[in-house]
Amino acid sequence: MARTKQTARKSTGGKAPRKQLATKAARKSAPTTGGVKKPHRYRPGTVALREIRRYQKSTELLIRKLPFQRLVREIAQDFKTDLRFQSAAIGALQEASEAYLVGLFEDTNLCAIHAKRVTIMPKDIQLARRIRGERA
């Protein structure tokens, strides 16, 4: 038997079209100005999941170096004025800070999941720190 080319067909499944109100019908019949195509948008959560996968793969520092350096210097001024830092020292502080924050956010996420939520909240961070023994 010879193969035949299949043609595309419209799907027949799905919901039946509802009757439109008069205002909607009038709005639809009005001519649209130009063929302006609305920009493509991903479904909520898709981009977030893509970013999670991207940042879990990578090893680079996520906080910019100069803002972090300014923060370190600002905090250090409370203890002693005119302190100087080697660039390696600031790098080590940033590496440790980011590792701590990533771990804290992982624990925070587990606390939110335990509460049957997907959104982390301040109370999740407080619980994670309490369990770790960082805050009594």
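Positions of Cβ are set from backbone N, Cα and C atoms, glycine also.
According to Swiss-Prot, the protein has these features:
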type: REGION; residues: 1-43; note: region 'Disordered'
type: MOD_RES; residues: Lys5; note: N6-methyllysine
type: MOD_RES; residues: Lys5; note: N6,N6-dimethyllysine
type: MOD_RES; residues: Lys5; note: N6,N6,N6-trimethyllysine
type: MOD_RES; residues: Lys10; note: N6-acetyllysine
type: MOD_RES; residues: Lys10; note: N6,N6,N6-trimethyllysine
type: MOD_RES; residues: Lys10; note: N6,N6-dimethyllysine
type: MOD_RES; residues: Lys15; note: N6-acetyllysine
type: MOD_RES; residues: Lys24; note: N6-acetyllysine
type: MOD_RES; residues: Lys28; note: N6,N6-dimethyllysine
type: MOD_RES; residues: Lys37; note: N6-methyllysine
type: MOD_RES; residues: Lys37; note: N6,N6,N6-trimethyllysine
type: MOD_RES; residues: Lys80; note: N6-methyllysine
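Cα of Lys80 (N6-methyllysine) to Cα of Lys37 (N6-methyllysine): a span of 59 Å.
Neighbour density for Lys5 (N6-methyllysine): within 10 A of its CB lie 4 other CB atoms from the protein chains shown.
The two recorded residues, Lys37 (N6-methyllysine) and Lys5 (N6-methyllysine), have Cα atoms 33 Å apart. Neighbour count (other Cβ atoms within 10 Å of the Cβ, all protein chains): 7 for Lys80 (N6-methyllysine).
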